[in-house]
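What follows is a set of notes on a single structure, which appears directly below.
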């Protein structure tokens, strides 16, 4: 068997294992085995790729030892750093970690593109092949955007960068940067036929990276579910394109599967916000709000956490609507402890999850799973919205815009038309909230002023502890 | 190395088309409770890019290319390994009701 045969066999095995693994990941019962299956595919492909040493280009042969050492050392460092960081990251910090790993993949695809453009000998004679270099440049472009964009997303979610860029003429600046990037890329492909001087190639990637930064800086935290899954799709497409450039079907298949899956997920997220993807990326959301606000009648009525807890203890049906505030306060464990007390008192407790609650798609589900909440009491918005009117109590923990009834009724509101959780239809609503501020959209929440709403002010974790204590002392110090 | 399989533009388009439908079909049916692990799982899958980075690095001829190759492999390896670890950790947590009520 020639090395090339083994490589080809390993790659087709990897492609099969990836698809089969992803398929198994589509049900909670088989999901864990799915990632393990895909993991074997990756291991096989990476080990086989070192067989490439037996068939490098003539020009690279004198450098082969150094090259192999460079690749092996980089692989070892990359794997061990990522393994260590992935093991220790807290579940609440998962969105930024996923963004970071995703950006790294985009950077890797961009690096491949750069090497191809710097050394046309890498993949044999393609001199002047417009398709070949067009794909190389385009894949490199979206890979680089994904790298710098994901890094900004990571820094924002990790609160290393605070605030967002919002100034007049922002779109014009972004548009100019994009045109410059495309201009250099087009020059490399059409004018230079893929053989551009190194400085031009470097300039192209610098421009692409800058564009990724400029594109992501104006986007705020609550739009991150869309952004993260968009960059996931970008990296997938970039990998698929560089796979074509390197004539590697495993990269093409894996990249394209992820690219289309990521695109679908991005559209689902944008739909859940009743906005288009381009609206999320190119418009300054918070800036448009504010001015067209109607007067809200009534006032916010605070309630003691313990009293609210006891009221839920005597309810027969309670629905919980968590949001990003739950993650910030790390309150998921205490929340589930409280839920278990309610369940012991025969209260029917369900969780209602808005599709864009949190900072990445399905963020809340991960936090609740970490706390041990079984997934069969967790419901999607469309499955539970009809049940709110039968609920005695709906409790909102750290969510805001996703439960604002203005989205249903107030046509002048910037969030009008966005599907929301119908918590306001419950007989009694409790809102656990740190302060009296507005939500991400900058819109005042009508829910907080309704007659059947009471506010429980405080850090979600501390509030949950007070509720647990109140219910426990009522039930005679446990049961 | 001269790549021995020749994937012309149209063969590549067939592969891309079929792969795109595969991705769409697989993800389209996933319940939203699994959106995060699934996104992170697909994030892991595109970590296969490390294989391409290894190939390009082995074929490097200048210091600049070796430096870029180093970062390419480093980033790709981080994508693959990190994506695997966090996905596995998340999926391990998803459990149905049966075992609790202790």
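Cβ atoms are placed via backbone N, Cα and C, with glycine included.
Please treat TrEMBL annotations as automatic predictions, because they have not gone through curation.
Record features, source TrEMBL:
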TRANSMEM  A:6-22  transmembrane segment
DOMAIN    A:9-469  domain 'NADP transhydrogenase beta-like'
TRANSMEM  A:34-54  transmembrane segment
TRANSMEM  A:66-86  transmembrane segment
TRANSMEM  A:98-118  transmembrane segment
TRANSMEM  A:130-155  transmembrane segment
TRANSMEM  A:167-190  transmembrane segment
TRANSMEM  A:196-214  transmembrane segment
TRANSMEM  A:226-245  transmembrane segment
TRANSMEM  A:251-270  transmembrane segment
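Note: the stretches the transmembrane segment (A:226-245) and the transmembrane segment (A:6-22) are not in contact (fewer than 3 CB pairs below 8 A, sequence gap of 6 or more). In the predicted model, residues of the domain 'NADP transhydrogenase beta-like' (A:9-469) average a pLDDT of 87. Counting only same-chain residues 6+ beyond the ends of the transmembrane segment (A:130-155), those with a CB under 8 A from a CB of the stretch are 96-97, 99-100, 102-110, 112-114, 116-117, 161, 181-182, 185, 188-190, 193-194, 204-205, 208-213, 215-217, 219, 224, 227-228, 231, 234-235, 237-242, 244-245. Nonlocal intrachain contacts for the transmembrane segment (A:6-22), taken as residues 6+ away from its ends with a CB within less than 8 angstroms of a stretch CB, comprise 34-42, 44-45, 47-49, 51-52, 248-250, 253-254, 257, 261. Same-chain neighbours of the transmembrane segment (A:196-214): 110, 114, 117-118, 137, 140-141, 144-152, 165, 173-174, 177-178, 180-181, 184-185, 187-188, counting only residues six or more beyond its ends whose CB sits under 8 Å from a CB of the stretch.
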